[in-house]
Amino acid sequence: MRIRAALSGVLAAGAGIATGELFAALVVPAAGPVVGVGGVIIDATPTPVKEWAVRTFGTNDKPLLLTGIAAGLVVFAAIVGVLGLRRRVYGLAGAALLGLAGAAAAASRPAAGLLDGLPSLLGGAVAAGALLLLLRRLAGFPAAAPAAAAVGAVEGVGAVGAVGAAGGVEGDERRPARLLDRRAFIGTAAIVGAGAAVAGVGAAALHAAGRSAADRSRESIRLPAPASAAPPLPAGLITANRDFYRVDTALTVPRVDVGGWRLRVKGMVDRPLELSFDDLLSRPLIERDITLNCVSNEVGGPYVGTARWLGVHLADLLREARVRPGADQVVARSVDGMTIGTPLSVVLDGRDAMLCVGMNGEPLPLDHGFPVRMLTPGLYGYAGACKWVAEIELTTFSSYDAYWVQRGWAARGPVKTASRIDRPLPFARPAAGPVQVAGVAWAQGRGIAAVEVRVDDGPWQAATMLPSPTNDTWVQWRLDWAATPGNHLLRVRATDKTGAVQTPDRVTPFPDGATGWHSVSVTVA
Ligand SMILES: Nc1nc2c(c(=O)[nH]1)N[C@H]1C(S)=C(S)[C@@H](COP(=O)(O)O)O[C@H]1N2
Ligand SMILES: [Mo]
């Protein structure tokens, strides 16, 4: 009996959540209950735990979070089912709690609209109704049945045996009624389960359709040629879009229809602006090869890439908006409520801070901020590269902390000089003789002057650097090493064009970026 009550709880919760998701998909696509709760968890997760999750699970952190939420829900719903069997109000309270928690989560999202709580409230009501229905079926069961019900799959046999053992003639008399009750329960459970499945599949299909609508809107875009083109590309410099790292807090990628998209420039400006996507495309576009990296990247880590970006100069736009004296922070706000603050002085100092519409010859991929993202060469992504941007607000650092700053990260995020060994791989076993050691080094804005490699405790040897188009682009480097048998430790360090040598001091990414030399150990046969 308890197992059935638990199952009732899980089925009812499933039906409620699926209905909520379906309603959300139809009416307020960004406000699904699961994503709302997940978003709240992501935002509330303490920075060290977030760091650990990104380090341990990489881009799988989001599927894992969703799996965790699902597992927690199953346990909660099962308990509510069992309690609800004892007293209906417990069941109702459980369903209400689920609905209200989901609604509160959705309504508290930074980009929430008025209707965002509705899907969860509706879901809570459906869960309550389904639970009452299922529990009513169970109520028809005789009190002595727990042992029989617990037998589960083989209950046809087990139940009769158990009842026979428990009560002889009396058991035999109950059997027909119990079989009917059982059938009624299974029938109701099947209907609730099937309803949940249909609603869930429907919600997923609608989301997929929404995604493909965004894809279509993206595919319809023809990017104009740049007014200021980037120089020809050295081979191997660019990271392909599909290989470009992705770091963001978005559980579902925002799907923006360019037709309705507007960019507002507001706050401490004399002339607030509102621009459509076409307005942006009709401005002179610049094309630049810029390396972007994440402040969360560990020494030697993967969260760095270089792309050929197309977009408009942000400084030009700000000059048109006439920034008022006193403003010192540019806060970009995304369609999903992320805020990223960039020093105004950095945007205006002549570097190519831009609003990007293109990445490697295509409109921005959805994952990388379609239709428009900000990019500030020389700053970590969290401090200058807002994706899915909807608003640019001029304000001050003293009056506003952006999302990551509220969580303890440094308010200004200049990139630190870094270098990485990509070949040989850690613990590789190359043959003795010539081995090519190769990798990348970056110090956007300053540029890289030299890269050196050291084998064990030997001298630092200058690596060869391939041509790199600008100081905002990483350099690719190589060194031919005459490998001798045995275990060896390879280390790399870079020197930027101000003459500063990359520091060996190891610090963690939090709060303003990792430092230290990357090393790789290999065994030469
Ligand atoms: N809207 C939004 N923009 C965002 C983020 C985010 O979570 N949401 N993450 C930032 C961070 S921390 C980084 S490192 C870059 C990563 O950009 P990418 O995913 O295109 O590589 O995006 C930045 N822009
Ligand atoms: Mo980042």
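Here the Cβ of each residue, glycine as well, is placed from N, Cα and C on the backbone.
Database features, via TrEMBL:
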type	residues	note
DOMAIN	251-399	domain 'Oxidoreductase molybdopterin-binding'
TRANSMEM	64-85	transmembrane segment
TRANSMEM	92-112	transmembrane segment
TRANSMEM	118-135	transmembrane segment
TRANSMEM	184-209	transmembrane segment
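Contacts between the transmembrane segment (64-85) and the transmembrane segment (118-135): present, as 3 or more C-beta pairs lie under 8 angstroms, all at sequence separation of six or more. Within the same chain, residues 4, 7-8, 11-12, 14-15, 17-19, 21-22, 24-26, 29, 32, 130, 133-134, 137-138, 140-141, 252 sit at least 6 positions outside the transmembrane segment (184-209) and bring their C-beta atoms closer than 8 Å to a C-beta of that stretch. Using DSSP to sort the residues of the domain 'Oxidoreductase molybdopterin-binding' (251-399) gives these counts of helix, strand and coil: 27 helix, 60 strand, 62 coil.
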